[in-house]
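> Can you keep this structure in mind? I'll have questions shortly.
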Amino acid sequence: MRIILLGAPGAGKGTQAQFIMEKYGIPQISTGDMLRAAVKAGSELGLKAKEIMDAGKLVTDELVIALVKERITAEDCRNGFLLDGFPRTIPQADAMKEAGIKVDNVLEFDVPDELIVERIVGRRVHAPSGRVYHVTFNPPRVEGKDDMTGEELTTRKDDQEETVRKRLVEYHQMTAPLIAYYSKEAAAGNTAYHKIDGTRKVTEVSAELATILG
């Protein structure tokens with residue numbers, strides 16, 4: 001069960017990734033975590049990555065693919081894995097294919113931009129505890145105050161509307177070609193592509209994923 005997740009920030013991808021990991025016992029592979037782990041372990045690939053990063057350069061696709069290949073041979077990937085945040089570009093997707101990394105399912109979480117903006121911009125945080133509220137979906141008992149301490153709630157910088165809209169534009173620019181790429185791959189019988197309606201309740205989305213993944 002080798003899965004790629006696609007979806008804008010706020011589309012509910014993280015919540016469903018957790019569900020898939022727990023239900024099917026497969027790890028989520030994040031390229032950022034992988035790079036940090038390789039550097040820390042001092043492996044041959046890790047040392048190469050460190051050299052590039054220390055020079056302030058971006059790690060090459062070839063190196064990331066090599067790390068992914070190495071990572072998926074680990075024991076915890078025996079039943080599959082979940083790739084989040086990779087591939088980001090067509091050359092990366094092509095490189096994965098050339099490296100023989102087969103993908104069984106591509107899951108795209110589809111939520112209209114306006115709903116994503118509402119979901120993210122409405123978040124309020126109690127910074128000391130990390131408790132998160134939402135002005136519409138999960139409001140505090142007293143507006144603008146933490147339920148437990150009565151302290152002031154704040155908005156994270158990343159949750160401000162201008163930032164969210166900018167991230168959405170970037171997401172669509174980057175992901176539209178990937179959606180087309182994997183739709184074509186699915187039509188050729190090389191993978192299965194599923195567009196998931198992410199506007200529904202978390203439990204409904206999870207139930208659909210369980211049906212798709214079996």
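Here the Cβ of each residue, glycine as well, is placed from N, Cα and C on the backbone.
Sharing the feature lines straight out of Swiss-Prot:
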BINDING   G10, A11, G12, K13, G14, T15, R123, V132, Y133, R200  ATP binding site
REGION    30-59  region 'NMP'
BINDING   T31, R36, K57, L58, V59, G85, F86, P87, R88, Q92, R156, R167  AMP binding site
REGION    122-159  region 'LID'
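Tell me about the surroundings of these features in the structure.
In the three-state DSSP reading, Y133 (ATP binding site) counts as strand.
Remark: secondary structure over the region 'NMP' (30-59) totals 22 helix, 1 strand, 7 coil, with classes taken from DSSP.
In the three-state DSSP scheme, R88 (AMP binding site) is classed as coil.
Outside the region 'LID' (122-159) by six or more residues, the chain places nothing with a CB less than 8 A from a CB of the stretch.
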> Taking each of G10, G12, G14, R123, Y133 in turn, which of these binding-site residues have a Cα lying within 10 angstroms of the Cα of R156 (AMP binding site)?
R123
> Do you know the DSSP helix, strand and coil residue counts for the region 'LID' (122-159)?
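So the region 'LID' (122-159) is made up of 3 helix, 12 strand, 23 coil.
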> Roughly where does the region 'NMP' (30-59) sit in mean pLDDT, to the nearest integer?
87
> Counting only other Cβ atoms and using a 10 Å cut-off, which of the binding-site residues K57, R88, R123, R156 scores lowest?
K57
> Can you tell me the CA-to-CA distance separating V59 (AMP binding site) and Y133 (ATP binding site), as a whole number of Å?
37
